[in-house]
Amino acid sequence: MSTRTVLTVHDLRKAPKVLLHDHLDGGLRPRTIVELAQSTGYEGLPTHDVAELGRWFQEAANSGSLESYLETFAHTCGVMQTEDALIRVAAECVEDLADDGVVYAEVRYAPELFVERGLSLDQVIKAVQAGFTEGERRAEANGHRIRTGTLLCAMRQHARAAEIAELAVRYRDAGVVGFDIAGPEAGFPPTRNLDAFEFMRVNNAHFTIHAGEAFGLASIWEAIQHCGAERLGHGVRIVDDIKTSADGEVQLGRLAAYVRDRRIPLEICPSSNVQTGAVASIAEHPIGLLAKLRFRVTVNTDNRLMSGCSVSSEFAALSEAFGFGWADVQWFTINAMKSAFIDFDQRLDLINNVIKPGYAALV
Ligand SMILES: [Zn+2]
């Protein structure tokens, strides 16, 4: 019998990791929020004490109330309404990810949330790209190599998806690698934005869709079969189409089988699912079953500030709950790299020249 080793955050930070699902407005440093509130004149913060504010974000997100969860984003977006603020937040995001050992990240945000003080969508996108470039430069100066790709999101409850999809294509050679829709699933099925997805497809451009987080199989089915999503943001409710009998025999329904057969990547965000109540605890998270069944599972942070997490801490929690070791972490990482929206040769280069040698050195 092998002894069970639990990987720690400390160990995991040294491993090369890939992140596909991370929201720019969900990952600010508490200190930055306080400083930007002061410099931009944002007056809504519940406290200006940095440590207290950090705790407040996690508690509000944990409270189980959707109102307080959404209030957290009102504050982060509230301080991200100027070019300088966007540049700073984007640069620090890349620095923090690189510091955690992330070698490739796709960071997403909805440009339409940052135009309250008069910025144009183009100004928002250019500022964030400048910040990402600056973050990559600072990380490199610190001895960490990281590459960042941007996903532009449209909010389901607004009606700007076609416009945002057009921007995603227009900025495809300037760092934007794909498109997504985010926001409340209930009442806003992905098919409401069919024109945007069609625009992406005819332009040979990539997109993922937030689906199957709170809402079930219908949302996943629409995202894949009507909209043509290449990946699923969360997608965790696919377990509703998997039956395990009393004697442990597992049976996949047609949709679950399709998702697995087609190797459709699931952007799983364990801590976030627990906070929003989609899943009761990390130990009960379907990721254990989905990984065992060899779905194309990836591990992600969603909102690092609200969940108080990093990619390394998510892996540490999963290692504790499911006994995942280095071989598993490498598998999740290669899954994510294969599923990235950058060119095939670049994905292969990162897998062969960064990820595999990185794990070989650790194991
Ligand atoms: Zn998300």
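For all residues, glycine too, the Cβ spot is worked out from N, Cα and C.
According to TrEMBL, the domain 'Adenosine deaminase' annotation covers 16-356.
According to TrEMBL, the Zn(2+) binding site annotation covers H21, H23, H210, D302. D302 (Zn(2+) binding site) falls within a strand segment according to DSSP.
For H23, D25, G183, the entry in TrEMBL reads substrate binding site. Long-range neighbours of G183 (substrate binding site) (same chain, six or more residues apart, CB within less than 8 Å of its CB): M155, R156, Q157, H158, H210.
TrEMBL lists E213 with the feature active site, proton donor. For E213 (active site, proton donor), the same-chain residues lying six or more positions away in sequence with a CB closer than 8 A to its CB are E185, G233, H234, G235, V236, R237, N273, T276, A278.
Reduced to three states, the DSSP call for H234 (site 'Important for catalytic activity') is strand. Here TrEMBL flags H234 as site 'Important for catalytic activity'.
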Margin query: Suppose the substrate site is H23, D25, G183. Which further residues of the same chain have a Cβ inside 8 angstroms of that site's Cβ centroid?
Written below: L24, G26, F73, R108, Y109, A110, L113, C153, M155, A182, N303
Note to self: For a Cβ distance below 6 Å to any atom of ligand 1, name the recorded positions from D25, E213, H234, D302 that qualify, or say none.
What the structure shows: D302
Margin query: How many Å separate the two farthest-apart Cα atoms among the substrate-binding residues H23, D25, G183?
Written below: 13
Next item on the list: Give the sequence-ordered set of same-chain residues, not counting H21, H23, H210, D302, with Cβ within 8 Å of the centre of the Cβ atoms defining the Zn(2+) site.
Entry: D22, G26, R108, A182, G233, H234, E267, C269, S272, N300, N303
